[in-house]
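Here is the structure we will look at.
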Amino acid sequence: MRNAEYVGLEDDASPKYDNFKKVSIIPLVFLIFYEVSGGPFGVEDTVQAAGPLLALLGFLLFPVIWSIPEALITAEMGTMFPENGGYVVWVSSALGPYWGFQQGWMKWLSGVIDNALYPVLFLDYLKSAIPGLEGGLPRIIAVLALTLALTYMNYRGLTIVGWVAVLLGVFSILPFVVMGLVAIPELEPSRWFVIDLHNVNWGLYLNTLFWNLNYWDSISTLAGEVENPNKTLPKALFYALILVVLGYFVPLLVGTGAIPLDREMWVDGYFADIAKILGGIWLRSWIQGASALSNMGMFVAEMSSDSFQLLGMAERGMLPDFFAKRSRYGTPLTGILFSASGVILLSWLSFQEIVAAENFLYCFGMIMEFIAFVKLRMRYPAASRPYMIPVGTTGAILMCIPPTLLICVVLALASFKVMVISLLAVMIGLVMQPCLLYAEKKRWLRFSMSSDLPDFHSAYHGDTESGKQRREEEEEEEDGFASQ
């Protein structure tokens, strides 16, 4: 699928997206917050897996190794390519549409798997108050009802989702501020330094850290919906990074320091029990309510990212036209329906299985992002970058080494079952793209490139003689993939 072969979308294909209100910085900060974190719900397994000291160190060191590089790369690449599709466009520009499609498939599937967690976490926090939600038909009905309600919220518009994220974020953070104040007289600093290196579940520990501190790049798939993305996106990523790290570290500091350690108790929902011990039933109820609303926020933020990614891919001609059509609210209706269907199909998996499978697929996608980032730095150093990480090419390579090593560790620790399922999912993507090419050739499906979008190369890489030569070489490579 070569850009030169695409035709523009017809004027009546969907409502003109310029007519819809763009997302400003405050809602954007909380959308990032919910795409990455949503609060400390789900971090309990780090204490069970490794004890207090390693859990606390993990949420201080892991952001340096992983979150900061990923956020910086997202800021640079997101402002270089300020359009929906995000990382799919980056990889397509650097490696060609074939690998851009693979990136889109793996990251979309990873996002849908990730989104299947939130109904599970939602019900885990409520089942102590409503025991009937622990299993059986009531739980199935609750998952379906929650998924449908939140899907409808996404349908109504990204601006609504953004401001709902702000309200949910404030409500989710406040009870932990109160719990921290209540816990001050009970804190015993010696509890923070408990460590037993002979009793560490490294797989659970790293997977939980990785799951709670990744997805910074997800906001890039909404770049086309952001108000003045060249300035707004880097600032929003910076503020969200501070919010996320504090949102994890402070509650863990309180929970491990104020309560005698029982590692087996540190499972999903344990912060509600800690709140009851420290403040009473009213604080536990507040934490449970905050958890429920936090999972709502994470769900709608993730679904927004996933569905706009599909829209961005369709606007680039990588998916059929019907993925590019918008509802009267400016939302990608087909992408929302596909993402919601995936969530419902995957909601039967356990928490640990979902986290491990999501992490495995996400790792593959991140490797391609790092390669694309470095390759674009090397091949097109003079290309317009409204925000640029203040390091040269060597610095860009060095910055990617620690997170890449971490990816290798996460992949190596995956169970055989997760590895097989994830590799099968990758193979589906490798076959799917040639199948879509064949469907386009046979005119079974219509593909087109939006006339509002610039060509990858002429817009971002310049039209120098060397640039044209490189472009011709890349088009020959893409033709090679297409003919396979």
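Residue numbers in this text run from 1 along the chain shown.
Note: Cβ is positioned from N, Cα and C throughout, glycine not excepted.
TrEMBL tags one of the stretches 105-123, 333-351 as transmembrane segment, and that stretch is 333-351. The list of residues near the transmembrane segment (419-439) in space but at least 6 beyond its ends in sequence, with Cβ under 8 angstroms from a Cβ of it, reads 1, 98, 101-102, 105-106, 109, 318-320, 357, 360-361, 364, 445, 447, 482, 484.
The stretches the transmembrane segment (357-376) and the transmembrane segment (237-261) do not meet in space: the count of Cβ pairs below 8 angstroms, excluding pairs fewer than 6 apart in sequence, stays at fewer than three. Where the transmembrane segment (161-184) meets the stretches 23-43, 80-99, 137-155, 237-261, 388-413, the count of C-beta pairs under 8 angstroms peaks at 23-43. Counting residues 6+ beyond its ends, the transmembrane segment (23-43) has Cβ neighbours under 8 Å at 55, 59, 67, 117, 121, 125, 158-159, 161-163, 165-166, 168-169, 172-173, 176, 208, 211-216, 218-219, 222, 225-227, 232-233, 235-237, 239-240, 243-244, 247-248, 251-252, 268, 271, 290-291, 294-295, 297-298, 300-302, 304-305 in the same chain. Of the candidate ranges 49-68, 80-99, 137-155, 49-68 has the most C-beta pairs within less than 8 angstroms of the transmembrane segment (388-413).
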